[in-house]
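Colleague: Taken from Swiss-Prot, the feature active site, nucleophile applies to GLU221. The substrate binding site annotation in Swiss-Prot covers ASP219, ASN222, ASN223, GLY296, HIS416, ASN418, PHE419, ASP435, HIS463, GLU465, LEU468, ASP488. Residues or ranges marked as disulfide bond by Swiss-Prot on the basis of similarity to another entry: CYS21-CYS31, CYS81-CYS86, CYS176-CYS177, CYS401-CYS439. If you look up Swiss-Prot, you'll see ASN83, ASN202 marked as N-linked glycosylation site. Annotated region 'Catalytic' per Swiss-Prot: 18-335, in sequence order. Positions annotated as region 'ABD' by Swiss-Prot, on the basis of similarity to another entry: 336-499. If you look up Swiss-Prot, you'll see 1-17 marked as signal peptide. Annotation source Swiss-Prot lists site 'Cis-peptide bond' at CYS176, CYS177.
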Amino acid sequence: MFSRRNLLALGLAATVSAGPCDIYEAGDTPCVAAHSTTRALYSSFSGALYQLQRGSDDTTTTISPLTAGGIADASAQDTFCANTTCLITIIYDQSGNGNHLTQAPPGGFDGPDTDGYDNLASAIGAPVTLNGQKAYGVFMSPGTGYRNNEATGTATGDEAEGMYAVLDGTHYNDACCFDYGNAETSSTDTGAGHMEAIYLGNSTTWGYGAGDGPWIMVDMENNLFSGADEGYNSGDPSISYRFVTAAVKGGADKWAIRGANAASGSLSTYYSGARPDYSGYNPMSKEGAIILGIGGYNSNGAQGTFYEGVMTSGYPSDDTENSVQENIVAAKYVVGSLVSGPSFTSGEVVSLRVTTPGYTTRYIAHTDTTVNTQVVDDDSSTTLKEEASWTVVTGLANSQCFSFESVDTPGSYIRHYNFELLLNANDGTKQFHEDATFCPQAALNGEGTSLRSWSYPTRYFRHYENVLYAASNGGVQTFDSKTSFNNDVSFEIETAFAS
């Protein structure tokens, strides 16, 4: 129950100027960690929200709100990252506890980056506007993860805590585990009840809810719970919102899942009650590390997008969470533009010419299923001209972006598979559609366009030894070489050789 003082404070905190953590503070459940790349989560916060590292020279900078309590300075990011790539290296904790999130280390599973670390996220994969002002979220492909194994002030053992996250309800998969919250400090599986984290996805390996998913569930380690029982719980609905608020809280023999459209409306309670009646979950044995985008022992096959989230000390009341939801809705999250530079038009047929000096007579083509570059001109055979011509269609996974259908093999599209670009028939699956969707941006070398993978926005169409790859600007693969990267990922859009 709230005291008269706290009810007054909560009412004041619900004003437009207050941030989510001001509201939690007024409810006697203060934030112990607060993370966002889009905005300040306290009305007075004016420090760094996140750190960027750019690919051209590996230098770093920090991005702060435009004003105290305001929206991130996206223009500072755009200036710093112009004509190169940028990664998000640190997501800073706004609570003052120093619970910053950095590149997740190896654990029970290795990550795909050097020394088993997880990948870092692209800085431009999740553009949004908040109240009309541009910002960027954290688009996390499989293999991407952030962590802090030495967090301060987070719940341990059976201590009470709450948390929420604003996520993309359309970006998910069924792999383990797109989480945000409390996890093991060793990055290994230390047993049931050692985690308490928000999960969003459509995995049915452990728990699941009504419909086909995705669902908000709670990762308590060795199980995803959608309600009191293992497996199916009908009270946990499928999520269809583009922006979703996921709220979880847990204390001594109680926990809850709540959710809402982050753009409108109020929170609904999907479960509130006793802890699962299975060994290890009552009492809990939480360890207090913080994870984002991965499971507790660095299981890193999941995908999702994160915009903001916090963890609290104490079990927040429904009233407090409801006020936080009002604040999130008032932020007015809207999808931003994924494309820039020379435009494509769905239905047009194009040829794409290499701009790397010494290779400018070569065009993107294919030989059977291999996507490559070949020398093509007006005197080339009809067969080669058709192999070097592509029909532009609306992106199979995202309507802002595009997919490229072969002129000579209708129904087959350029897609990435193990980061090679292949020409494969569209099998109608979600996976294929995501693999075959690419977002054009102004060419990194200033000549034409660069084509960025929608599902792996650190990766671009790149020709390397005359073969096409989905390559990053530096990385563990030979085709990720930084040498000539900007030239190798830039292509001129030309009238097709064939139609």
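Just so you know, glycine gets a Cβ as well, placed from its N, Cα and C.
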Colleague: Could you give the Cα-Cα distance between CYS177 (disulfide bond) and ASP219 (substrate binding site), in whole Å?
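Modeller: Roughly 8 Å, rounded to the nearest whole number.
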Colleague: List the residues of the same chain that sit at least 6 positions away from CYS31 (disulfide bond) in sequence and have their Cβ under 8 Å from its Cβ, in sequence order, or write 'none'.
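Modeller: Those within reach of CYS31 (disulfide bond), by Cβ under 8 Å and sequence separation of 6 or more, are PRO20, CYS21, TYR24, GLU25, LEU41, TYR42, GLN94, SER95, VAL310, MET311, THR312.
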Colleague: So for ASN223 (substrate binding site), how many other CB atoms are inside 10 Å of its CB?
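Modeller: That number is 20.
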Colleague: If I take the Cα of LEU468 (substrate binding site) as reference, which of the recorded positions CYS81, CYS176, ASN202 has the closest Cα?
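Modeller: In terms of Cα distance, LEU468 (substrate binding site) lies closest to CYS81.
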Colleague: Just to verify: the residue among ASN83, ASN202 with the fewest other Cβ atoms within 10 Å, which of the glycosylation sites is it?
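Modeller: Per-residue Cβ counts within 10 Å for the glycosylation sites ASN83, ASN202 bottom out at ASN83.
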Colleague: Could you tell me the maximum Cα-Cα distance in Å between the residues recorded as binding substrate, namely ASP219, ASN222, ASN223, GLY296, HIS416, ASN418, PHE419, ASP435, HIS463, GLU465, LEU468, ASP488, rounded to a whole number?
Modeller: 46
Colleague: With a 10 Å radius around each C-beta, find which of these disulfide-bonded residues (CYS21, CYS81, CYS86) has the fewest other C-beta atoms nearby.
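Modeller: Taking CYS21, CYS81, CYS86 as the disulfide-bonded residues, the minimal 10 Å Cβ count falls on CYS81.
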Colleague: Translate the DSSP assignment of GLU221 (active site, nucleophile) into the three-state scheme.
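Modeller: In the DSSP reduction, GLU221 (active site, nucleophile) maps to coil.
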